[in-house]
Structure formats: C-alpha cells, structure tokens
Number of protein chains: 2
Amino acid sequence: MRNPPALEQLVEALRCLPGVGPKSALRMAYYLLQRDRKGAGILAKSLDQALQVVSHCNLCNNFSEQEICPLCASPARDRTLLCIVEMPSDLMMLEQTQTYQGMYFVLMGRLSPLDGIGPRDIHLDKLLKRAQDGKVEEVILATNYTVEGEATAHYVSELLRARGIQVSRIARGLPMGGEIEHVDSGTLAQALLERRHVR
Amino acid sequence: MRNPPALEQLVEALRCLPGVGPKSALRMAYYLLQRDRKGAGILAKSLDQALQVVSHCNLCNNFSEQEICPLCASPARDRTLLCIVEMPSDLMMLEQTQTYQGMYFVLMGRLSPLDGIGPRDIHLDKLLKRAQDGKVEEVILATNYTVEGEATAHYVSELLRARGIQVSRIARGLPMGGEIEHVDSGTLAQALLERRHVR
C-alpha cells in the first residue's frame, strides 16, 4: 500500500524546502490536499510567478523585478558608500535603522566550505566590478559576526584592499542594554580591544 | 525598502504550509530563488498535478487518483472487516504490520472542537453509508489514544452501534519491549484493566 503517485511526487517536491524532512513533507502534503487546496493553488502560482519575474539587480545583486532595483535607482542615496551584506534580510535590518544612506551589495550567501559554498557562489566578480565603478570611496563589510561571516569579511577585504579600495567593518561591542555581567566573554574582549576615546 | 512584490507574494503563499511562520517562509523563498530554482519549478508543477489528479476514494475516503483506490478494489481483502483510522499515515502503519486483511475508512482528521473540526469535517455520513453496505460485519476503531482520538472513537462508536453495527477498539496496554518500571501509569492501569486470561 502506497500513496497515489501524484501525492508521493508532491511529498518529494516539498522536501526541496529548507528544513523540511520526509515526515514534515508528508504532513504538509496531507494538509494541503485535505484542508487548503486553495492555498496550494496559490502557492503553485506564486512559485511560477516568482521564478518568472524575480531576478537579481544588476548593481546590488539583491532580488529585484527590474534590472536596477528601486534602491539602486534612487537619486537620494550616497553613491560613495557601498555596504556588503550576506542576505536581503540583513539589508532590510540595516535600512530599518535609518542611519545609512549609501548603496548595498548583497552576496546572497557566505563562504561556507562545509556547505560547498565557495568564493564563486557569492558573486565576488560582480562585487569587484561594482566596487570599482569610480564612485565608491568606502566599502563597509556588514557580514555576520559568525565564523562564516568573519571568514567572508576577511576574504572580501583582502580582495578589495589589493585593488586599493578602502574597507571598513561594522563595530563589535556590547549590544544596546547589554550588561557586562551577562555578556559573553568574546564580545566583552572585543569591546575592550575596540574601545573608543571619549572626546 | 521592501522585497519585490512577487517575492512578497511567494512568502505569503508559503505561509499556508502547516508550521511555517513569516521567518521560515522568508528563508524558504530566499532559498528557492537563490539556490534551488529547479526544485521550486518542480514543486509548482507537483502542486498543480496533485491538485488536479488526487481526490478521495469513494469507498475508503483515502487519497486516490482513481474513483476506487487499489486497496478497496483488491479482491484479496476481507470485506467483512472495516478499520477506521484518522489519517492515511495510520493506514500505512497498519498495513506495515501485515496482520490485517480487511478494508479501511480514513476519516482524514479527528474531532477537535478547538481547531474547529466537528463531526461534519470527518466524513461521518460517508462512513455510515460505507459501514452499512451489507457486507461489513465488524468495525474496528483504530483512532489514536489521544484525547481527540478517544473522543472521535467514542462518537463514531455511538453512531455505529445505534445502527446495530458491531464495533471494536484496538487494544491498549504495554508496548513491545515495554518495562513496567518505565511505562506511564495510565498505560499500566489500562493494561491491568484489560488483562487477558492465559489459556
């Protein structure tokens, strides 16, 4: 006794989603076919639509429906600053701070040899071209402070500095509301090392 | 700064999957568009295909691509026994035991007022018709031993017995390899109450 072939095929297809194993995929398939056929139809259409129209911005490499995304096309942005982030969600977090008016470049990943993601997968050729457009004066590395994010920042900064581009890295230190008693020692050590003179 | 509309639409559509919230949906959408466009295309096709061809067996109510599923159509099965299960996965577990040769009826759910699932949602009219086909002699209730499964079994057994149909319930007791020291007291109490004479 097996499930109908089309159902088995759906379960198999659902497993391409990150974090979805055989059991979750089966549960999702049952749920969609039994309780939310409308949602399943909308999902199929949305996937097709997104695959058709969503590509990457030629400048910042973020997801975009246009060749140049609205942010890169905006005349209000400062073209001398280029901030490098790992993912579009990082870009959005930075935008929410409302403290940065420069441009972005989205790597769409991080160097992660264990996952088979090397320099070629994070669009470094596109980044080098972007950073050498003659307008960019400083590149800000805003990758995560994880092992992979740090390795990526190091690799990218070597590449850029070899081409005479000024590179900076976002600061490490205590978070807002952080208490010295409770912060981890790695963060505290960095906060000490990167202390700033009070003027 | 927002994601492109087609991407936002995809994120929204992914949220129809059970257990997928806004953050997971965003992660899934990024992953599909960035790393597995082929998988996304296959998923869209599989959804469409499953929605088109997968319906319910007229007899057992399980998912099926035919009007009568292969199991119900099989001449090798015992038509005097009808086993009621909650989900297709339960049916498959029972089949794997290779100890049951009768027919099935799949409720596709369980009574669960908190989730808004009442008697009308678990196809009891179809079940009553099925159980009164003139061949079924015994209905075996194989719903889960959870609160909802027990309530469902109770409700269904009342319905069936009112129509003079013989009803049984799968046994409760210690699981295979179960040790009295470690089993929960509810199970142990049931095992005592439902003890069998040794012949």
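The chain as shown is numbered from 1 upward.
Cβ coordinates come from backbone N, Cα and C, glycine included.
The zinc finger annotation in Swiss-Prot covers B:57-72. Note on the zinc finger (B:57-72): DSSP counts are 3 helix, 2 strand, 11 coil.
Per Swiss-Prot, domain 'Toprim' is recorded for B:80-175.
The list of residues near the zinc finger (B:57-72) in space but at least 6 beyond its ends in sequence, with Cβ under 8 angstroms from a Cβ of it, reads 88, 91, 103-108, 123, 126-127, 130. Helix, strand and coil residue tallies for the domain 'Toprim' (B:80-175), in that order: 41 helix, 21 strand, 34 coil [DSSP].
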